[in-house]
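S.K.: Quick one: this structure, given as structure tokens, is what I'll be asking you about.
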Amino acid sequence: MEAITIEIIIIILTISYPILVAPQLLYNYPFNCKKGPKMTLDGLTCPLDFNTFNLDSKDNMEAGTMCRPNPLSKDIEDGFLCYKDTWVTTCEETWYFSKTVKNHIIHEHITKDECFEALATYKLGKHVEPFFPAPSCYWSATNEERATFVNIQPHGVLLDPYSGKIKDPLIDSDNCDNDFCVTRSHQTHWLRNRKPDIMERCNNETWECHPIKIYYGWVSKKKNQETSTTFNYVQTGLVIESQYIGHVLMADLCIMTFCNRDGYLFPDGSWWEIKYSLYHAFTKDHTVLNNAHKCGDRTHGDHLTEFQRDKKVGYEDLEINLEGLEMRQKSRSINMMCLNRLAEIRNTHHINVLDMSYLTPKHPGRGLAYYFSQDQKNSSKYHVKVLDCDYKLIHIHDADIKGFVNITKYPEPNVTILGLKDNLTFADLGISRCQDLTPLNGSRNISCEESSGPLHSDDSRLSNGKRFWTRHSFQGANFHEHPGVRIGVNGITYDIRKQILRFPSTSNLLWDLPSYYSTKHRVHFFQHPTKHEIRKNFTGSDSRDIDVLDDLINRHINRTDFPTRIRNWIGNIEDKVEHFFSNVGGTIKTIISLVLFVIGTLISIKVWKKCKRHPQKTKKVAQLKLNDYEKTYNQRDTSNNNNDDLYETIENGGTVYSPFHV
């Protein structure tokens, strides 16, 4: 068999690798945007890699079409978030009537039965909004009041009509028990209300269609012989190529019936009906597509076994193409960079415009659009909000390799929708032209046109008859840190002073990166629906900081609660006593301390003086006693001497006296 060379020329890698062919850029732009779900950190995910090629082949190929139902605005499935909170109020009162009130919220475990019971109550209009119980304070005691509420919040989700699964950043669709799903918020569940009717999609006159090319792939086989090396080529199977879906191997498809029509489920999860004429290469085997297995035969996207590979119509090892290999390696690198960025965002809660481009969907269809929102109550903090949009590939004419478009240099229209040939202006995309009229050293003065894309209520239709609106597609906003620059969805920026639009991607941001693309912004993600409600309802006009709101859950805040005007006269007395002790308590303590210090000092001095006099008195008494003793002793000696003289005198008289003498 003669070798047939298939030359694949890379034109575009949609968002990831936009390459200019003539001066134009292919960009995945959001249309028909609606308010999206409340974003959480866990809901941020990296998009699916998506490659598109343009085929230049000398082999016979078949031209065909691929069609599918249009994504409908009714693909939103009604549902509710269900969670149980215990709102706790604690009052601690001291002996001198000083009170400290603490509020905190505890997320309780909730069962499926409790959720459905609360949903029935909600539909009857008897749902009670949560609140903190009134504090009950008792003298020299700590008292706690609790109130438990089962909360129900409406939360519509995007439904994948082909798989019947939910696509929502808050809900784990793989962890659902019928109509009861686990969410990524703590102790929070999602309840399905009703499934939408899919019969409206089955009218094929309203389906969207795109041209495709189908051809056989070839693989070169190297055979080493003793004297030489030869190459032969083996036909592997069918390849389908479209600038809308990229270059897809038939080995990656499986058969799936939708709307009672046979079609194929693609790797990105989309369903398409493939139509082609049976000529040339396919006349010899026009049933080759029917050899594919049904989607239920294997988990879609898993690696094929050898047995399954034998039953498929193509192989993954198409003819080696260095450009294609290089692009796949770059695609993997971009995906790794996105994962690293995502880890950094979750750890630091900081995000920049460049990060937005990594999160942007890479293929047409339903997807989320990300944009910054500055906190109205604290301009130093930002939120990341999302829109639920229908993405379409558009040609942006006269854009350079950096993604720049000078909107004053080229005449409008400058945009063409791929496959539909609809010519649009930038105003049709929702990007209003603005002028910076700010004088030197003056206050900011920016004037913009009123038209910012068609509204949902307008009768704006494309050439295929489908309605479209872009009033919220750009969602541009001005920030104090970046004067003269409007930052829109997915990192699209509008430099008003230079009149330059920039459509960012993960490849063209490597050139001349402006400082505002890399500036980190502190972003806040509400991780639980309770915080949304507190922020919206509980605080009212209070400009309480977001970080304080975080402390309301599983922690507490302290505040002194004085008696109000409706308290009785006993409460007023308590208030006065508390006020008195609060103001003079410190002074009284100081005075008492000084008095005690003075008294202690005086006592110490007196004791010291007494101790100083006591040793002298003791010495004098001892001396006196010694003198008396010596005097007595001397007297005794004198008396003895006198007696001796008496006896001597008597004896000397010649007469001796004897008492016994008769």
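Any Cβ shown, glycine's included, is placed from N, Cα and C.
Found this in Swiss-Prot, in case it helps:
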SIGNAL    1-16  signal peptide
TOPO_DOM  17-579  topological domain 'Virion surface'
DISULFID  Cys46-Cys338  disulfide bond
DISULFID  Cys82-Cys115  disulfide bond
DISULFID  Cys91-Cys137  disulfide bond
DISULFID  Cys202-Cys259  disulfide bond
TRANSMEM  580-605  transmembrane segment
TOPO_DOM  606-662  topological domain 'Intravirion'
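Each of the listed features needs to be described in terms of its position in the shown structure.
M.R.: When pLDDT is averaged over the topological domain 'Virion surface' (17-579), the result is 71.
Cβ-based neighbour count (10 Å, all protein chains) for Cys338 (disulfide bond) stands at 22. Reduced to three states, the DSSP call for Cys338 (disulfide bond) is helix.
Taking the Cβ of Cys115 (disulfide bond) as reference, residues of its chain lying under 8 Å away and at least six apart in sequence are, in sequence order, Cys82, Val150, Phe180, His189, Leu191. In this structure, Cys115 (disulfide bond) is part of a helix by DSSP.
Look at Cys137 (disulfide bond): DSSP puts it in coil.
Around the Cβ of Cys259 (disulfide bond), a 10 Å sphere holds 17 further Cβ atoms from the protein chains shown.
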S.K.: According to DSSP, which of helix, strand or coil covers Cys202 (disulfide bond)?
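M.R.: Helix, per DSSP.
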S.K.: Mind checking which of Cys46, Cys82, Cys91, Cys137, Cys202 has the fewest other CB atoms within 10 A of its CB? They're the disulfide-bonded residues.
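M.R.: Lowest Cβ count within 10 Å among the disulfide-bonded residues (Cys46, Cys82, Cys91, Cys137, Cys202) is Cys202.
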S.K.: Quick one: Cα separation, Cys202 (disulfide bond) versus Cys46 (disulfide bond), in Å?
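M.R.: Distance between the two Cα atoms comes out at 31 Å.
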S.K.: Considering Cα atoms only, can you say which of Cys91, Cys137, Cys259 is the nearest neighbour of Cys46 (disulfide bond) among these disulfide-bonded residues?
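M.R.: That would be Cys259, nearest by Cα distance.
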S.K.: Measuring Cα to Cα, how many Å separate Cys338 (disulfide bond) from Cys137 (disulfide bond)?
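M.R.: Pair distance, Cα basis, whole Å: 53 Å.
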S.K.: Express the distance between the Cα positions of Cys91 (disulfide bond) and Cys259 (disulfide bond) as a whole number of Å.
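M.R.: The separation of the Cα atoms works out to 62 Å.
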S.K.: How big is the gap, in Å, between the Cα of Cys137 (disulfide bond) and that of Cys259 (disulfide bond), rounded to a whole number?
M.R.: 65
